[in-house]
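In what follows, a structure is listed as structure tokens, so that the remarks can point back to it.
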Ligand code: NAD
């Protein structure tokens, strides 16, 4: 059989621990036998990040700007324990944070829906994709404890020295105060990433804030989204047969619960933080969530939403058997291959991505799955497979 040819490479970002083991198994069993795989390889494993003073992370993000499509394995974000464990020169920053800052992107998280792993919200039939604005608001806030009576004001000092003041509160006793900000450029990038991704995946886009209460702060988010939509996207949405829908955050939450899914829900930073965990837990499993970083320029970096599954890795190192779920990592690869296929006009490659996803879903729906899914499935007497045999079962169907 002739292997599928590729014209442009995908940026491949290797990672750590158990997901690094799965990464190689996926390539060996599901990709290399069928595709003449062209990748530009970056080793984001912690040892090599340390050796290169984390330059490899920056290089991989710059390569993503060049080739437009990347696939990333889960990586360790070092903390004090990891600095000791790996004898690191420094507590390097989160690679995802570094890559996101360079691409100025928005993260979209979506569950992989299969029969037999049922969401606890029974009317959710299709995935709900959450887009989180990952800049500012309370995450870059400054706070004070107010010890007693006194006045708190917001003061803006313009470049020419002129001041504008706004009273926050006249305290009569002790209390608390918080100042936070956002930047129009960042909100605009967020809006464009969301509109582009809605067009890309042909799904409606919902956005919600509390603009009735926050008449300047939240209202600015609402206005920026609407202005960009009207000026740049309205016609394209009409052609694609999709909608942009704005509502209040409380109304959005109520509607989401009653909906059947199948749309993108764009959230401000805090809402996205909270709602993405609600949605992923309600859909069943962190191991079945995909994540894609989309830049306003149309660069795409695909990954699994979960981490490196450290506990399984230590088991694996001791020679023990593992049953680690590789589905989200497989879907990271299929997302990248399909996007590469679309951008290069390589239909064979895009079709292969569809087939690999279908083979993965069929395997689970036939009752063959890893232990994490066997514990929550509605399928009776599932067959629990180890990490490698699950991937081989998919290869057999493929
Ligand atoms: P984790 O996602 O690795 O694990 C959280 C829990 O979910 C564990 O109980 C694990 O057993 C289970 N789980 C997750 N994915 C699974 C899978 N595919 N199959 C079976 N079970 C699965 O998160 P953690 O334990 O908090 O972090 C471990 C490491 O991963 C940390 O060093 C952290 O920095 C890193 N991390 C990386 C990313 C990323 O690269 N995007 C995201 C989160 C955490």
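The backbone N, Cα and C atoms fix where each Cβ goes, glycine too.
Curation does not apply to TrEMBL; its annotations are automatic.
The annotation in TrEMBL ties 75, 76, 77, 82, 258, 307, 308, 309, 310, 311, 312 to NADP(+), and of the candidates under consideration, 235, 325, the one tied to the same site is 325. Listed in sequence order, 210 are the same-chain residues at least 6 apart in sequence whose CB falls under 8 Å from the CB of residue 250 (Mn(2+) binding site). A straight line from the CA of residue 97 (D-threo-isocitrate binding site) to the CA of residue 310 (NADP(+) binding site) spans 20 Å. Take the Cα of residue 308 (NADP(+) binding site) and measure to each of the recorded positions 95, 99, 139, 273: the nearest one is 95. Around residue 99 (D-threo-isocitrate binding site), the same-chain residues six or more apart in sequence whose CB sits under 8 Å from its CB are 57, 60, 61, 64, 72, 105, 293, 301, listed in sequence order.
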